[in-house]
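Peer 1: Pulled these from TrEMBL:
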DOMAIN    27-149  domain 'MARVEL'
TRANSMEM  33-53  transmembrane segment
TRANSMEM  59-80  transmembrane segment
TRANSMEM  92-114  transmembrane segment
TRANSMEM  120-139  transmembrane segment
Amino acid sequence: MSSNAAYSPTTTSPNLVQNEPLFDKGYPKTLNGLVKTLQMVLLMIAFLCVATHTIGDGYFQSATIWWFFMVLIFFLLYFFRVPKRITMIHWPLTELIFYVIGTIFVLTASITLASRTHGYAALIVGLIFGFMATGAFIYNGWLAFSMWRTPSAQPAETV
């Protein structure tokens, strides 16, 4: 009697999402995707305004370009559905911490630049976009906080 002949083991991992496309075409149209896109545009404009000026602030430039790439990385993570594939990381909490730190750095860089503008138009425009990017960081941090505090945002247990 061969009871083992009918047994065929399956080797599927519970963390992998089956039959989903590699990327999420709808993510850039969601509120989080739009706010991340807005952040990247504001940070790039702020960086370019200050970088084209000869008396530009190095801290402001490095903070804006650094956080531009960090937001781009988070955008790409969500665009390629990485949080659905790697469920051991609590993504809303990770994003909340990311935005709190980003808000502190961009706000500090904007305040530092505000003390050095001396009436130069390019620096003032860069400063305005830096403060607008700070506002976008605060708003996206609030979105991450509300997602973190919502019970349905917790990673689902798979059986």
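Cβ coordinates come from backbone N, Cα and C, glycine included.
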Peer 1: Could you pull the average pLDDT for the domain 'MARVEL' (27-149)?
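Peer 2: Averaged over the domain 'MARVEL' (27-149), per-residue pLDDT gives 91.
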Peer 1: Sort the residues of the domain 'MARVEL' (27-149) into helix, strand and coil with DSSP and give the three counts.
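Peer 2: For the domain 'MARVEL' (27-149), the helix, strand and coil counts are 103 helix, 0 strand, 20 coil.
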